[in-house]
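Per TrEMBL, the features are:
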type	residues	note
TRANSMEM	12-30	transmembrane segment
TRANSMEM	80-99	transmembrane segment
TRANSMEM	111-132	transmembrane segment
ACT_SITE	D135	active site
TRANSMEM	144-164	transmembrane segment
ACT_SITE	D153	active site
Amino acid sequence: MTNNSRWRLVNFISLNNILYVIGVLLFVFLDKGTKAYYNNHLSYGSSLNVFPFLDLTLIYNDGAAFGLLSNQQVWQKYLLISIGIVASIFIMIFIHRLASDKSDLSIKIRFAAILVLSGTLGNVSDRIVYGYVIDFISLHYHNFYFPVFNIADIMISIGFLIFVTNDFMSKNQNTYES
């Protein structure tokens, strides 16, 4: 092994990257733990009312986000798994490339990427192991029910919200500076 390749390996196994891995593992553990808990403590399709707007309702989502493409063909299931794996790889590369940037902006973006990666890994692992994603959080207002979702979906949504608001804020800041 040459000095240059050793340096790349040491650089890859940096404290920042180790912290990212720990963060992702903690978020994935949170997602998988809540799914396992409610899968073991709720009957399929049953609802437990927690607040007037929140129920815990166990469902198995064999479609994409929020039940889109439910009851799909076998090839579509493999396509969803493949998309999740490819997205996870791209996010890991993105996080690694941001590792040397110490700016506040980079910290927000890395946190958002960690959330999206964790949520994606949580849901993809469900698809691989069970053939579906375990969902259990049901929000509603009177007769309007939002599609049932899980902690991984919350992480993905918050991560994308951070990306979008950060992009919007940076565009506004650039407009004011021009």
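A Cβ is built for glycine as well, from the same backbone N, Cα and C atoms used for every other residue.
Within 10 Å of the C-beta of D153 (active site) we count 21 further C-beta atoms, all protein chains included. In this structure, the CA atom of D153 (active site) is 9 Å away from the CA atom of D135 (active site). All protein chains shown were included, and the count of other CB atoms within 10 Å of the CB of D135 (active site) stands at 24.
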